Amino acid sequence: MVVSAEQARQKAEARRQRILAKSAERLDMASNGMASKEVEHSVPLSPVRRRRNQNKKKKTVEKLRLTLHATKLKNVAGLGKGISDPYANVTLVTSGRELILGQTEVVKNSIHPTWTSSFLFDYNKGEKMSIEVSVVDEVKKGSDIPMGSAAFEIGDILGSQGSIKGKELKEGGMLHARISKVPSRSAGKLSLRLEGKDLRNVEISKSDPLFELCRTYDGGKSWTPVYRSEYVMNNLNPDWKAASIDVNALCDGDLKREIKLAIFDYERKGENKPLGAFYTTVNDLMQSENSKLIHSGNGSKAHGTIFVHECKITGAEPEEVKPPEENDVAEEEEAEAAKKAEEERAAAMKAQEAAAAAEAEARRRDIEEAESARKAEEERAAAKKAHEAAVAAEAEARRRDIEEAEAARKAEEERAAAKKAQEAAAIEAEARRRDIEDAEAARK
């Protein structure tokens, strides 16, 4: 039986959910059993075992972060009113209850918005939870216009490759939702103030520069903005306002992880124009305080300088070092469950690739057969055309032979008639000559 990629993925996700549910059930049973023994024997638990039981209960809840972006949205701004300014409303739905998580910022003049806003929420493993997102065009004078909505199951997103899933909107375009795990320790806020000097001018007057801080989820293949500054009007030497960025959102608290700082020229109509970018880390930015970083545009030529006037982290929680006694069986079970879920996702992906390869091979064979049939049909048509041409040529040759024979016959008849007429004329002339001679002889 051939299993489709979607069926394989659903099967893997169902098994992963069963594993997680069983793990949670075992944790609850272990916790309840320990409590009953404590009552029965009246033996107090040690602080380490008490913390272990508390941690077991917490294992079933994860802190997650949701980010959104959309592509090819329908422009609902109206004729002569430019391009839509989309934002998104986000609601968490669980057990029939709705919790409004919030609203993204407005991305001006874009039908391909990537919102920098992110939304944190607690995910109860084994519980069915979903996210409802509605995309709206902001209208300054009048009512905002809906651009589409979609609902995402949390488990579906987590089970998708890269923990990102897209859904087509009825009104047009695609909405993408990404979920990432939030580190248990808060890495604080990054306070950053930048200044640009001699940036590239791409306007008739002067560029209106802004900057974005971006992170990657796939090893640098693509970059997602986490913070977008305000633009500075008509200024190639912008001094941007101080920014406050969640360090966990930027680099998961890893200060050595590569991030990207990109500079853009703000456009009132259409997508912002890139002015250049460079790659760095939070550590490098903090070490570069009061110094400069080269901001490179396209090619090797430098297009201005970025000065770091302030870069520091505040509010970071100290790293918690767990005693070895707290590394319990539940962690091993979760690791095993995650491993199995990953293996099942890999198997589902392999099945999907095999199905895609089989489909591609079938399409290739169909194309080859269609091409062979087309060539054979062309050859038959060419042979038929050649036969018809030969028959037509033969008929034309016969027609010409008949015409030539008819023409020769007519010419022969005309020559015979002319000769006969000539002979008759000669006889008549001879008779007249004799008559004249006889008349002359008689006269004499």
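Backbone N, Cα and C atoms are what each Cβ position is placed from, and that goes for glycine too.
Per TrEMBL, compositional bias 'Basic residues' is recorded for 48-60.
Taken from TrEMBL, the feature compositional bias 'Basic and acidic residues' covers 336-347 (among others).
Marked as compositional bias 'Basic and acidic residues' by TrEMBL: 360-388 (among others). Counting residues 6+ beyond its ends, the compositional bias 'Basic and acidic residues' (360-388) has no Cβ neighbours under 8 Å in the same chain.
Break the compositional bias 'Basic and acidic residues' (395-422) down by DSSP state and the numbers are 28 helix, 0 strand, 0 coil. The compositional bias 'Basic and acidic residues' annotation in TrEMBL covers 395-422 (among others).
For the compositional bias 'Basic and acidic residues' (429-444), same-chain residues at least 6 beyond its ends with a Cβ under 8 Å from one of its own Cβ atoms do not exist. Residues or ranges marked as compositional bias 'Basic and acidic residues' by TrEMBL: 429-444 (among others).
Sequence annotations record features per position, and here TrEMBL assigns domain 'C2' to 46-168 (among others).
DSSP assignment over the domain 'C2' (173-295) gives 11 helix, 55 strand, 57 coil. The domain 'C2' annotation in TrEMBL covers 173-295 (among others).
The region 'Disordered' annotation in TrEMBL covers 29-60 (among others).
In the region 'Disordered' (334-444), the DSSP tally of helix, strand and coil residues is 110 helix, 0 strand, 1 coil. TrEMBL lists 334-444 (among others) with the feature region 'Disordered'.
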DSSP-derived helix, strand and coil totals, residue by residue, for the domain 'C2' (46-168):
21 helix, 61 strand, 41 coil
